[in-house]
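*Asks:* Let me give you the structure first, and then I'll get to my questions.
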């Protein structure tokens, strides 16, 4: 059992009072309870809007407006919405358990018209956990939400996997999808269907018996039998067409002779003139073509000479440019040679200065050492001289002081004081407080010993310091060498750096030694590279002259080819004379042959026309006479076979027609007698009961009932028994089955179903095994399916029969054509084509003439080729020795490699030259760098301390010496004593002064000598430094000059530069000789061009004269050709045999045809006028216009439905074949198309009977319905009396009215309307046409009257009218009618939707408070029995124990209006009250 689809919920978003509210719908009844204005009608309006979003239909009015035709401007929808985006959606689960959300987006449109914009959409595949409000709104706060726009809704839904969103621009598409998914019960194809559905919903919503529905119950309940109407319309159209075609055939037969005569004479008249003009035009064109060929040849020769001129000019320009480049290169090479020579001289200077600089460097280093030693000695001598001077000065001062004291008496006291001071100074210096003048001498010995020790210690330290200074100077020297070579390095890394420098020194020396060999190798490779470049330039020039690129390895093969070409060209020149004589002889023979073939061509062309016509008609390639004879025999055999096959097809078609007639019987009765027997027995054919069985179930029921499927179902077999006694007109086997036709099922048999078969237990000892038929015929669907196949087969057989009949007649006519051909043309038809031979001979003649004309040109070309080949061989002789050089691809790489090696070697040589001496000095000092004498500073400090100690000891000893020396002053007691002592002292002082002066003199002399020597050394050093700096600066300048020269000055540079200059000089000489040669050739070419231009001007003048004549005639001829081709008559007019007739013969032929045509078109004014205009000989196009007018006239008279061509000539052929056959076939077809009035009556009667049975079945579902005093509701179906009479007359008395149905002037519909008027003369048909009335009479619905009846109280069955019923009874009765309509729609649409879909059923009822409790209970029961959902609205909860009830209360809070909703499930379900959901604002 298929589960019926259900509406799960209704969701309103942004409606008045409903921001986001979802109403869960009960499976049976959903009640909306609330006071006035609570929002019940708004909720229902939202549901209806989502169901039928058609603004032309929607009109939500109050029940007080029921029946009103006009309401408020917005029809009740605009005021129910709030500003912004609004939604109304329905959540549906169909029979396939698919969840579908269908709904609409509504939005108020600004303006005074209060319009609303509606956009329907669907969402499929949404998970059940997601509620509609979740996808329609977006939460933006704790108690706030935002309504999504339709685009945002689409984007959010499409982001979910497996969910589909679809928006509709058409309500039809929206309803089509809803029907396919089982949401609505009927396919709403048009606005009329939508209107019916809306009226149904509206009637349900407002309750009561809707007059809009009861008045048109036939449209709601009875399906339109469009198939029957269309069949009648197609049949009548076919009859009309058939009669028109027959009439056209009769007209066309009378035109056939006129076609033949008119086409034949018009063709002769126009074709003769057409071919005459064509011949004349060809003669003029041939003359023009001869001149044009000469003109084109001259132009070609001129173009060739101009091309040669351009090429030579270009080559001359290239040679001139190359000469300029070569002169520039030659000058550059000469300059380069001068630079190389200058650089060589510069290099010699540099080498000379470098040797001088090396010698100066060595001498400068030696002189530096000498100056350093002299400087040390000078410093010692200066120190000694200074000490001597100091000692002399001191002695002199002492002596001066003493003598001065002698002059003054107080000198003694001064000396005594000086002695005391000297004693105190000695005590302080010697730190001897106990020192006295007496013991001073003893202490003097002690301190002199100390001084001796300090001096010895100082000497030892000085020796050590000198050794350390030597080591330190070596380290510093080595370190400075490393820095000068490698740049700044740390002292700790000096040894490692020096070791690396010395390790790399041998390899750099080796590289430096390779400079000269590498220079020689590079010079050699560069010379080869230049030679290769020159060879490539020669190859490029050679390829340019040859016009083709060659590879070096191809040159030898090319040389052999050129040599063979030279030989061939020399031979071809010798053969030219003999070839010229042969061509002239052949040209004469061709002219004679062409004359012979021209005489034979017309006869052969006539035979070929006949042969090609035979080939086209027979479809065979007739290549010889034997094939013609064989083909004629095959035609006889084909005619016999085709005739036999045509008769077989006719028999098969008759059999199919009989089968179609049998299957077309109403109610599926294959035997028409069964219908009469069923009416006689008061039963129903079993096939009629199962008429609605589906195509899939037809094989099962066909096998189930077996032979009894053609039986009759009767209510009681005993009542039939007596009627069987005298029964004669019946089938051999008649099956009668007892059962109720209204509720018949297949339970009368015990059945076991097998694979594609059934076993039926007829009795205990009798079983029947029946297989499913391959082609079931049980049920209307199966019969219609079989009939469709039979109709297609019959159509194909009819087409095949027509084709075969045409082929038979065509074969007969073709046989006659073969007979005529054999008698007239067989002798010459299969000869060779003279025109083809003439064309070949003309082609050959043209070739020979062109060959003769081109002979000299070819000789000249051969001579040019000979010269070019010789030049090519000469160039190849120069190139071939250079092939190996051209193939050396590695030469440039090797030059680059050697260049890199030379650069590296030169860098090494420069390094050795710059740092070689330093590396030589550094090598023996490498070990010194391993250890840095770090104690040198400490030793210096010790030395300084020893010096201090020694100086202090000297000072102490000197102080003691002074005390000892002044010891006498301590004894000055008197003057005499003092003088004596002073005299001794004076002598000593003078003695010491003499010694000191002598020492000073020696020191001064020695200092002067050393100073002169030191000055001499410094002068030598300065001279050396000056010479060194001058030579170094000069060397830098020379090196910079060499760099500025930019030339590599090696041993072979000058030889290479000189060789390069000589090569360029030779190339320049060759180029100049070639340029002179080109200038001579260019002069000769210009003279030749002048001669050709004179000849060309003469040819152009002659050609333009003759071409002007051709062009003058061409304008009319082009118009003629355009008309001929545009109208497709070229094949008729261009008759090749006429091309061999002269102009007089063609004029005679045209004049004879003109006379015949004047008589033929005498009765046709248009053709007569056109013919008269065509007689103008100066306007040939008018003859073509006449021919086209004749064709157009005949083409317009061809019946395209009979003859399958628009060519009158072919039409004549087809007319004679088709006319007889079509006349016979169409007459037979008209007889078959004629409709039996009895069959029409049976079809309409059976259709009425089937619909009566269907309505009885619908009535059974309403038998138990009761509302108030109404105990039952039913639908009564009656046939109108006048229409019933018409059916009786059609079936029983049709012979009396055959004057209507056999008339060729009336269609069947018109005849039916005339019969209806004849039977009912009292009826006024108004202004309607008989055709319209007849079409209405073919619609079975117009035969029926439908009435709704109720069984009410004591009145019994009476017509249901609102005035006779209470409000509740009227509502219940109307609801029952609506349920019946919905059921009828579902049955009617069952074939259109999927088998696994059972559509949703839902109706509305507003203001349900008008029903009492019993009526409400009846509604609940009706919903439960019919699986229907119902939404009702009432001010109070009318049935809380069942269904789902929503309590609606409209409230206003802070100027915001909202509806408070509380849901309540029925008590019977024992489900707690649904929680109240606060409204989101």
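Cβ coordinates are placed from backbone N, Cα and C, and glycine is handled just like the others.
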*Asks:* Between 706-761, 1154-1209, 1210-1265, which stretch does Swiss-Prot give the note coiled coil?
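*Replies:* Of 706-761, 1154-1209, 1210-1265, Swiss-Prot gives coiled coil for 1210-1265.
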*Asks:* Pick from 650-675, 676-701, 780-805: which range does Swiss-Prot record as coiled coil?
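*Replies:* Checked against Swiss-Prot: coiled coil maps to 780-805.
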*Asks:* Taking 338-480, 509-604, 780-805 as candidates, which has the most Cβ pairs under 8 Å with the coiled coil (835-1116)?
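*Replies:* Out of the listed stretches, 338-480 contacts the coiled coil (835-1116) most.
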*Asks:* Quick one: which residues besides 34, 35, 36, 37, 38, 39, 40, 41 have a Cβ within 8 Å of the ATP site's Cβ centroid, in sequence order?
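*Replies:* The surrounding set, listed in chain order, is 42, 1433, 1435, 1448, 1450.
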*Asks:* With every protein chain in view, how many other Cβ atoms are within 10 Å of the Cβ of residue 34 (ATP binding site)?
*Replies:* 22
*Asks:* Near residue 35 (ATP binding site), which residues of its chain come within a Cβ-Cβ distance under 8 Å, counting only those 6 or more away in sequence?
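*Replies:* Residue 35 (ATP binding site) has long-range Cβ partners 1435, 1449, 1450.
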*Asks:* Residue 36 (ATP binding site) has how many other Cβ neighbours within 10 Å of its own Cβ?
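*Replies:* Here the count is 8.
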*Asks:* Among the binding-site residues 37, 39, which residue has the fewest other Cβ atoms within 10 Å of its own Cβ?
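*Replies:* Minimum Cβ neighbour count within 10 Å, taken over the binding-site residues 37, 39, occurs at 37.
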*Asks:* Per DSSP, what is the residue count of the region 'Flexible hinge' (666-783) in each of helix, strand and coil?
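*Replies:* Grouping H, G, I as helix and E, B as strand yields 45 helix, 26 strand, 47 coil.
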*Asks:* So what's the average pLDDT for the coiled coil (835-1116)?
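*Replies:* Looking only at the coiled coil (835-1116), pLDDT averages out to 81.
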